[in-house]
Amino acid sequence: MNRHILVMGAGAWGSALALHMHRTGARVQVWARNPATRLPTGAMPRLPDWPLPSDITVSDAIPAKPDLVLVVVPVQHLASVLPLLPAGVPAILCCKGVERASQTFPLDVLVRVRPECPGAVLSGPNFAHEIAAGLPAAAVVAAPHMDQALTLAAAVSSPSFRLYASDDCTGVQLGGAAKNVIAIAAGTAMGAGLGENARAALITRGLAETGRLAAALGGQPATLAGLAGMGDLVLTCTGAASRNYQMGLALGHGAVAEDAAAALPGVAEGVTTASALLGMARAHGVNVPIIETVSDFLAKTLTLEEARSRLLDRPLKAE
Ligand SMILES: NC(=O)c1ccc[n+]([C@@H]2O[C@H](COP(=O)([O-])OP(=O)(O)OC[C@H]3O[C@@H](n4cnc5c(N)ncnc54)[C@H](O)[C@@H]3O)[C@@H](O)[C@H]2O)c1
Ligand SMILES: O=P(O)(O)OC[C@H](O)CO
């Protein structure tokens, strides 16, 4: 069947997902707020030259009844884009983070802005340029009910991009949000020359605090051992292409946060998510020392040396 897919957002991830869906044989239409100035993907330094085929239309038009919508704008802009969603069409939110103003996940934003639209999320270890190149990858589609998640995972899967289904929307969204914050910590440690041992400790203890938070928020800690948790955490904390990791590297080298963010080839969601996740954790009485340290470091209430000391000088405890 020639399914009609609308991709909202024409950045790196929206473009990669448009190419992926086009390869499955779908008819793909991309919505961009300003199609004339859509960045050709080849203009991004870390991306190979992968212009969209001419039969993927890029415009500011929203079709009335596509079969599926993929929403791929940064989390802080989600609420301004969702009112454009065609009514009654399933939407998969493909962004990773926490809305700062409301301290809520993307699916909560959808329920607030468009409660009548059925929603799901897609998250996992996926660099856009690798998906665009058709390299093998896997991710998770989570929806409130497993049958919805299975249907949507099947709608997006291909022989090179394997989608697993989950009904743990909280765990999947938390994994995608937290890994960006931990990756800033990992990059900072590497940039400051603290070494591979320090990075491995940050990844492991970052996963531990994310698991605690998942349990408190009503998610399943086991989800954090999967693709949307450990899988994405490892990729983002070790893959040089990660913008969150690059942000950390620059901070570790001594850059000012605003300059480091401006030099990135796209959005680093961890920058805005750090304080929002910390707010969520505090509201639920959960101790998240790495997320707290990244948030305070980004807010410039801690120096790098103070951040290092704060993490290492805490009382010893059982693992
Ligand atoms: N790039 C990746 O490898 C990757 C992979 C998985 C998930 N993600 C997630 O996908 C989301 C988008 O990331 P990206 O890599 O595409 O970012 P990007 O910086 O490459 O592009 C963001 C796009 O959003 C558009 N945008 C910004 N504000 C908007 C608004 N108010 N209305 C409409 N469009 C707006 C920008 O014009 C741009 O085209 C993020 O949450 C990111 O964490 C990215
Ligand atoms: O470049 P980043 O840090 O936004 O990471 C991209 C993807 O989320 C990796 O899964």
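Every residue gets a Cβ built from N, Cα and C, even glycine.
Caution: TrEMBL annotation is automatic and unverified by curators.
Of the residues K96, K317, TrEMBL places K96 in the same substrate site as R243, N244. By the rule that a residue counts when its Cβ sits under 6 Å from some atom of ligand 1, the binding-site residues K96, A128, N244 yield K96, A128. Within the set of binding-site residues G14, K179, S242, N244, S242, N244 have a CB atom less than 6 Å from some atom of ligand 2. Cα to Cα, E269 (NADPH binding site) and G11 (NAD(+) binding site) are separated by 14 Å. Take the binding-site residues R33, K96, K179, R243: by the count of other Cβ atoms within 10 Å of each Cβ, the lowest one is R33. Between the alpha carbons (Cα) of A128 (NAD(+) binding site) and S242 (sn-glycerol 3-phosphate binding site) lies a span of roughly 10 Å. Considering only the residues assigned to sn-glycerol 3-phosphate binding, K96, G124, K179, D232, S242, R243, N244, the longest pairwise Cα distance works out to 15 Å. Under DSSP, residues within the domain 'Glycerol-3-phosphate dehydrogenase NAD-dependent N-terminal' (5-147) fall into helix, strand and coil as 43 helix, 32 strand, 68 coil.
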